[in-house]
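Record features (TrEMBL):
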type	residues	note
TRANSMEM	30-57	transmembrane segment
DOMAIN	50-299	domain 'G-protein coupled receptors family 1 profile'
TRANSMEM	69-87	transmembrane segment
TRANSMEM	107-129	transmembrane segment
TRANSMEM	149-171	transmembrane segment
TRANSMEM	209-230	transmembrane segment
TRANSMEM	251-269	transmembrane segment
TRANSMEM	281-301	transmembrane segment
């Protein structure tokens with residue numbers, strides 16, 4: 001009895017009395033869920049293939065050994081892990097073979113995804129700054145952003161992404177979860193955890209909002225300012241061919257930025273977690289499954305140098 005009381009007291013101090021959660025995934029018939037599994041599996045396979053191909057292509061093509069494609073490789077590497085942290089478990093949930101998830105693994109998935117998402121925000125802003133330097137100072141570009149500076153900017157993005165959610169990593173595991181322990185989602189996200197908590201969630205909600213402002217909004221502002229200068233520089237170019245060529249170097253990145261920030265701001269930049277969990281579920285599909293698939297194909301279709309490198313690779317084969 002004394003041992004049980006001590007165990008209960010330890011759980012209270014740690015902030016949880018729930019050892020595992022049940023992920024509901026998607027409601028609907030078995031055939032509907034099987035169709036979703038097929039879509040998720042196909043999307044995941046294409047995402048891995050597309051992003052890995054981008055990394056391999058840049059690695060093997062000397063013409064692509066520039067800061068722009070170095071950052072693109074970092075983004076592709078991130079997307080592989082970002083979607084891997086979601087899709088395999090989601091498939092198990094939809095098939096009903098792996099619907100339970102331990103509390104520790106749930107928290108780990110939550111902060112793994114938040115950290116990678118924050119890193120992507122920082123990487124996209126760094127890529128926008130890189131495009132600004134390339135278009136605004138084309139003759140001095142190689143001296144302004146060296147390989148060493150590129151590595152430092154990429155490393156800072158990764159470190160900043162993981163350190164920025166450290167406050168949430170400290171606060172969220174200390175919430176009380178008294179039951180029910182059913183999450184209406186296919187992954188562990190911050191809104192689902194807050195909805196299940198039986199303790200005061202205001203500190204975590206405010207911390208989430210502040211971190212979102214710092215990470216998402218601040219990086220978005222840097223990206224926006226970079227593009228204001230990029231557009232003003234492009235408009236100063238006299239020839240139509242020059243303007244088209246300059247815009248083509250950043251059109252793919254601009255497309256990715258628009259897709260990413262649109263879905264991310266909807267999910268995280270809000271003062272309360274009381275939005276519809278079903279709507280959040282749909283936006284999470286777009287954010288964690290669709291976007292990582294679109295990125296490599298956008299860069300391939302809208303970037304002339306990547307298309308040329310792909311053509312040479314296939315010709316060589």
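Cβ atoms here come from the backbone N, Cα and C positions, even for glycine.
In TrEMBL, annotation is done automatically, which means it is predicted and not curated.
Note that the structure is predicted; figures quoted are calculated from it, not measured.
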Residues of the parent chain within Cβ reach of the transmembrane segment (251-269), under 8 Å, 6 or more residues beyond its termini:
117, 120-121, 124, 127-128, 131, 189-190, 208-209, 212-213, 216-217, 220, 223, 227, 280, 283-284, 286-287, 291, 294-295, 298-299, 301-303
Long-range neighbours of the transmembrane segment (281-301), counting only residues six or more past its ends (CB under 8 A):
26, 40, 43-44, 46-47, 50-51, 53-54, 72, 75-76, 79-80, 82-83, 85-87, 113, 117, 184-187, 189, 252, 255-256, 259-260, 263-264, 266-267, 307, 310
I'm a bit unsure how to read this: which one of 69-87, 107-129, 149-171 has the highest number of Cβ pairs shorter than 8 Å with the transmembrane segment (209-230)?
107-129
Near the transmembrane segment (149-171), which residues from the same chain, at least 6 beyond its ends, have a CB less than 8 A from one of its CBs?
67, 70-71, 74, 111, 114-123, 126, 130, 190, 203-204, 207-208, 211, 214-215
Same-chain residue ranges lying at least 6 outside the transmembrane segment (107-129) that approach it to Cβ under 8 Å:
68, 71-72, 74-75, 78-79, 81-82, 85-86, 89, 101, 153-154, 156-158, 160-162, 164-165, 168-169, 172-173, 187-190, 193, 211, 215-216, 219-220, 222-223, 226-227, 230, 250, 253, 256-257, 260-261, 264, 268, 287-288
Could you give the mean pLDDT over the domain 'G-protein coupled receptors family 1 profile' (50-299), rounded to a whole number?
85
